[in-house]
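One structure is given here, and the rest of the page talks about it.
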Amino acid sequence: MPKRNDIKTILVIGSGPIIIGQAAEFDYAGTQACLALKEEGYKVILVNSNPATIMTDTEIADKVYIEPLTLDFVSRIIRKEQPDALLPTLGGQTGLNMAVQLHEAGILEENNVTLLGTKLSSIEQAEDRDLFRNLMNELNEPVPESDIVNTVQQAIDFATSIGYPVIVRPAFTMGGTGGGICHDEKELVEIVTNGLKYSPVTQCLIEKSIAGYKEIEYEVMRDSNDNAIVVCNMENIDPVGIHTGDSIVVAPSQTLTDKEYHMLRDVSLKIIRALGIEGGCNVQLALDPHSFNYYIIEVNPRVSRSSALASKATGYPIAKLAAKIAVGLTLDEMMNPVTGTSYAAFEPALDYVVSKIPRFPFDKFEKGERVLGTQMKATGEVMAIGRTYEESLLKAIRSLEYGVHHLGLPNGEAFELDFIKQRIGEQDDERLFFIGEAIRRGVTLEEIHEMTQIDYFFLNKFQHIIDIEHDLKDNVGDIDHLIWAKKYGFSDKVIAHRWNMTEKEIYDIRHENHILPVYKMVDTCASEFESNTPYFYGTYETENESIRSDKKKVVVLGSGPIRIGQGVEFDYATVHAVWAIREAGYEAIIINNNPETVSTDFSISDKLYFEPLTEEDVMNIINLEQPEGVVVQFGGQTAINLAEKLTKYGVKVLGTSLENLDRAEDRKEFEALMQRIEIPQPLGKTATSVEEAVANADFIGYPVLVRPSYVLGGRAMEIVYNEEELINYMTQAVKASPEHPVLIDRYLTGKEIEVDAICDGETVVIPGIMEHIERAGVHSGDSIAVYPPQTLTEKQIATLEDYTKRLAHGLEIKGLLNIQYVISNDEVFVLEVNPRASRTVPFLSKITDVPMANLAMKAILGESLISKGYKDGLVPYKEGVYVKAPVFSFSKLKNVDITLGPEMKSTGEVMGKDITLEKALYKGLVASGLQVKDHGTVLITVADKDKAEALGLAKRFHEVGYRIMATSGTAKLLKENDIPVVEVSKIGNEFNLLDVIRDGHVQIVINTMTKGKQIERDGFQIRRDSVDNGVPCLTSLDTARALLEVIESMTFNMNQM
C-alpha cells in the first residue's frame, strides 16, 4: 500500500526528560522516526522538553519546539502549526498520555488532526486495565484473576477474596510507577494509596500474583495490510514479579521448547491484530514452568525500552519502520535497511546470544531500598553479544562499571554463607553476584532454584562459569584452558586473578600464542542473506568479519550505561563527535555498550563495535583497526578513566593530553598551575588518613567540602560542619589512601557560575556563561541554570572570560573545557575544571547555535576555530532567556533522601525558554513536573540558620495569596512579624505535619536540612512523605525564591484604594 498523500505535516511528541522507566531509548526511537518521516517527504514538527537529546537538534525535524509536554503547551503548538497528523507512539508513556489528553480536550478534532500509528481506541484498550481485561476475555486469552479499583477499600475487599500475595498495577503509568507486590493488607493500603495518586485516571488493577512464572516478551510489528511479524523474543532470567526493566534479559529466549515458543508467538500476533496496532508493540507473557499454562501480563502499544533492546539485539530498526508503517507503508514493500537485499517482512534470525543487565543507582544511593519488584528502579542498562550465553553474560557484567568484572563480588569471600543466602532470597539488584558466590561455596543448584525460581538452564550456566574458574586455578599457565576460558567470555583481568599474574601478562601470553578475538557482524538474518552492516561484536572463533579499511580512522569511546551523573548528554556529545570525524574525511569507529542510545545505531558511524568499555576489550579493537588515535573527552568519566590505561599500550589519546587531563584532577599539580596563572581557588588540602583530614579541616576552618579525587557526578561528596561529621565521613563514605586521597576545601557560600569553552590550542571560544539559581554547595547537575546570566556585573563577566582563557591555555586544552566558579564577596574563585565534554554541552549548543561537540572534534583533528568563523572570547548573547531545570526520579526510589547537596541526584533535565526570566522559569518548572499554582498552601519548616531568610519568603508567599503552615519554631517567628500562619504539630503528635502532607492539604513544602543523616530524622520523613504523596518539596531556599518569582509574575496586584 503506498504511503498516505492526504497528509503533509506530522507532529511528533517526544518523551521529555530522562527518568527511571523512560530513558534514552526514546531519543533513539524519536530520532529514527523523525528522519524516516523526512525521508518519505513529510514535514516533521517535533515537540519535546528535553534539550539533552539528538532528537531536539534542528537537523532532525523541520521545526523543533523545546517546550513543556503539557496539554496547555502542546495545544498551543497544534493551534499555531496546524499539523495534519500526530504521531504519539514514539514518546513513551508521555506521548501516549498526551494523545489521550488532546483527544479528550477536543484539541485534535477542533484542529482536524489525524492520529497516526495506533488508534486511540487501541491505546485505551491496551492501557486501561479494565478494557484490556475485557478484550482478553473476548479473545479467550487468560489473564490473572483481577479487579479494577478506584478506592483503597475496593482493593482490600478484592485482595481478601482471592488471597495474598497480589500485584498492584496503576493505569496509564510507565516503569510500574506506584505499583508493587503486596503480601498483606498493610502493604496493600500503602501501595494502592500511592498507585491511585500516580494514575492519571485514578485506577489500579489488583491481580493475583503469579510470581515465579517465567516472564517472556515478544516484540511484534504489524502494518495496515495486517502483515504481522515477530522481530525478537526475549526471556527474563528473573521470573515474574520483577519489572522487566529491572530484570536480566536474554535474547533469543533460551528455555522455551519449540511448542512453547510458537504457542506464545501465535498469542502475541493474535493480540496485536485484535488491538489493531499499526507499528511496534511489546507483549509480556507469563509461562508456567511446569505446564503449557500461560497468562498475558500486559501490552505496550508503542515503541518501548524493550523495542530499543530488540532493535540493537537484532539490528532491525523498529522505530524507523514503525514510523513508516504509520504513514501507510507496509512491511512487504520496505527493504530491511540492514541487509539491503531482503524485505522488512522477513523475521530476524539470530546466530548469537544477547544479554541485557540493568544499571542501578545504588552506588549513589547506598541507603535506597534495593529490593526489586514491579516498580522499576534501574536508570539504564548494558547489552552484550556473545556466541554462548556465558560469554554474553560475562561481557555484560563487565560493562556495568560497578567495579565487578565477573560472576561474584569484589570481596565476596568475606561474606558469611548465611548472609549470602539471605541476600539471594531478598531479590535485590546484587542477587546475580551472590548466586555466583553461593555456587563457589558449594550451595546446590536445587537450593538456589528453591530460593529464586530461576530456571535450571541458567543456574547450570552459572555453575559452568564457576567450573571454568576452578579449572583455571588447577591449570595455571595452560594455553588450552586459557582458550577455553576466553571462549566463554572470561576477561584477562579475571584469568590474571586466578593465575596470580597481571592483566598485562595475560595480554602478552595471548598475543604470543595468537589467542585473539574475531569480530562477527550483526546482520538480522544469521548470515542467510548478503549483508554489509558495519555492526560488530567480538568473540573467540576463527573467521573475522570486520575487515580493516585503508582510510585514516579515529576511535570514539562512548559513555556506557545511563546512570546518575552520566546521562544522555554524553551520548549527544559522542554522536556529534562521530559526525564531525566523518565530515573531516576520517573513518569514525565507535565502541559502546548501551542499547538505548543513538550512538549505538549502526547508521551513525562507519563502524560500531558493541563491546564492553574495558582496557582489554578496547585494546582488542584498536589492535585490529590501527586508528590514528582514540578520543576520550566525549564519553564522560567512563572514557576518561581509560585514557591512562590505553596510553600504556602506546595508544595515542587525541585532544587534550593525558598529562593535562591528570593535571586537572591531581590536587597538587592543579594548585601549582592556578598559582602560576594567578587564579584564586578556595583554600584546600589533601588527606590520606583520618588524622590528616582532621588537622587540615582545623587549619582551613569549617564548614568544609570533602570528596574523593577522580569522580563524576559528585559521588560521595559532602559538606561537613564539624569534626564529628568529618570523622564519620572519613570512616564510612570513603576509604582514603595515598593512591586515593580525599580532597578537603573551604566551603564558600556564593553564586555558582558554569562556563563551557572550546580551544584549538590558540583560540578560546566561550559559547556561554550560565548562572545557577541555587548557591554553591548544590551539585551543578541538580541546579537550575540560567542563560544569559541575570545578576552578574560587566566586571565579573570580564573576569570569568579572562580566567577561562587562562585555564584553557594553562591546561593546553584541545577540545572541550568545563569550569565551575563561585563568586563570593565579589571575588571570583575556581571550584573545579573538567577538561572534557560536560552535561551542559547539548543545552548550550542548542541555545547559542554553537555546535560545541562538532567544533571541539574539529579542533582535536587540527582544524582552527578561526577558520570555522569563530573569534576568541565570549560569543555574543542570544536574545531571550533560557533555563535548564533538573528532573528527579525520587518517587521510584524508596529511602533516598531528596535533599540537594554536592552529590548529584537528578536523572534528567528540561529546558524553558522565553523573553523574560519568570516566563522561562515557569516553563522549566512546569516541564520538570512541578505544578505551579497561583494560590494554595505552603508548609515551611527550616533549619535555624535559614529562619531569617525564610521569613522574607513567607512574607512574599502571604502577599500572593498563599496560606502558610509551619511548625512551632518557624510559626513563632512569623507571628512575631505579623504574618498569618497555621501552626502544625511536629512528628509524633496527633494530626501532625505528615498528616497534613498525606491528606493533600499542602501544595508546596519548603524544608531545609537539619544536620544528622539518620533515616529516622524528622526532616528525612517530611521530605520522603512529600515525594511519596506527589507534593513538590524544595530543599533549597534559592529554588523556593525562583518559584515565588514565577508565582508573583502570574499574580495581579490587589491593593485597597
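Just so you know, glycine gets a Cβ as well, placed from its N, Cα and C.
Features of the protein shown, as given by Swiss-Prot:
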type	residues	note
BINDING	R129, R169, G175, G176, K208, I210, E215, G241, I242, H243, Q284, E298	ATP 1 binding site
BINDING	Q284, E298	Mn(2+) 1 binding site
BINDING	Q284, E298	Mg(2+) 1 binding site
BINDING	E298, N300	Mg(2+) 2 binding site
BINDING	E298, N300	Mn(2+) 2 binding site
REGION	402-546	region 'Oligomerization domain'
REGION	547-929	region 'Carbamoyl phosphate synthetic domain'
BINDING	R707, R746, L748, E752, G777, V778, H779, S780, Q820, E832	ATP 2 binding site
BINDING	Q820, E832	Mg(2+) 3 binding site
BINDING	Q820, E832	Mn(2+) 3 binding site
BINDING	E832, N834	Mn(2+) 4 binding site
BINDING	E832, N834	Mg(2+) 4 binding site
REGION	930-1057	region 'Allosteric domain'
DOMAIN	930-1057	domain 'MGS-like'
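Structural mapping of features recorded in Swiss-Prot.
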| residue | record | Cβ neighbours (10 Å) |
| --- | --- | --- |
| K208 | ATP 1 binding site | 18 |
| E215 | ATP 1 binding site | 24 |
| Q284 | ATP 1 binding site | 20 |
| E298 | Mn(2+) 1 binding site | 16 |
| N300 | Mg(2+) 2 binding site | 25 |
| R707 | ATP 2 binding site | 21 |
| G777 | ATP 2 binding site | 20 |
| H779 | ATP 2 binding site | 22 |
| Q820 | ATP 2 binding site | 20 |
| E832 | Mg(2+) 3 binding site | 17 |
**Fewest other C-beta atoms within 10 angstroms, as judged across I242, L748, which are the binding-site residues** = L748
**Prompt:** In Å, rounded, how far does the Cα of E832 (Mg(2+) 3 binding site) sit from the Cα of Q820 (ATP 2 binding site)?
**Reply:** 5
**Item:** In the chain carrying R129 (ATP 1 binding site), residues 6 or more apart in sequence that have Cβ under 8 angstroms from it
**Value:** S146, I148, R169, A171, Q203, C204, L205
**Residue from N300, R707, L748 whose C-alpha is spatially nearest that of N834 (Mn(2+) 4 binding site), among the binding-site residues** = R707
**Message:** Can you tell me whether DSSP puts E832 (Mg(2+) 3 binding site) in helix, strand or coil?
**Reply:** strand
**Fill in**
Counting across all protein chains, other CB atoms within 10 angstroms of the CB of N834 (Mn(2+) 4 binding site) number 21
**Item:** Between K208 (ATP 1 binding site) and E298 (Mn(2+) 1 binding site), the C-alpha gap once rounded to whole angstrom
**Value:** 14
**Prompt:** Under DSSP, the region 'Allosteric domain' (930-1057) has how many residues in helix, strand and coil?
**Reply:** 56 helix, 21 strand, 51 coil
**Prompt:** Counting distance between Cα atoms, which of the binding-site residues E215, I242, N300 is nearest R707 (ATP 2 binding site)?
**Reply:** I242
**Request:** Whole number in angstrom, please: the longest C-alpha to C-alpha distance across R707, R746, L748, E752, G777, V778, H779, S780, Q820, E832 for ATP 2.
**Result:** 18
**Asked** About how far apart, in whole Å, are the alpha carbons (Cα) of L748 (ATP 2 binding site) and E298 (Mn(2+) 1 binding site)?
**Response** 52
**Complete:** Whole-number Å distance separating the Cα atoms of E215 (ATP 1 binding site) and N300 (Mg(2+) 2 binding site) is 15
**Request:** Based on Cα distances to G777 (ATP 2 binding site), point out the closest of the binding-site residues I242, Q284, E298, N300.
**Result:** I242
**Prompt:** Which value does the mean pLDDT take for the domain 'MGS-like' (930-1057) in this predicted structure?
**Reply:** 87
**Request:** In three-state terms from DSSP, label L748 (ATP 2 binding site) for me.
**Result:** coil
**Prompt:** Where does I242 (ATP 1 binding site) sit in the DSSP three-state scheme?
**Reply:** coil
**Prompt:** In the region 'Oligomerization domain' (402-546), how many residues does DSSP assign to helix, to strand and to coil?
**Reply:** 77 helix, 11 strand, 57 coil
**Item:** Alpha-carbon distance [I242 (ATP 1 binding site); E298 (Mn(2+) 1 binding site)] in Å
**Value:** 14
**Complete:** Rounded Cα distance in angstrom between H779 (ATP 2 binding site) and I242 (ATP 1 binding site) is 32
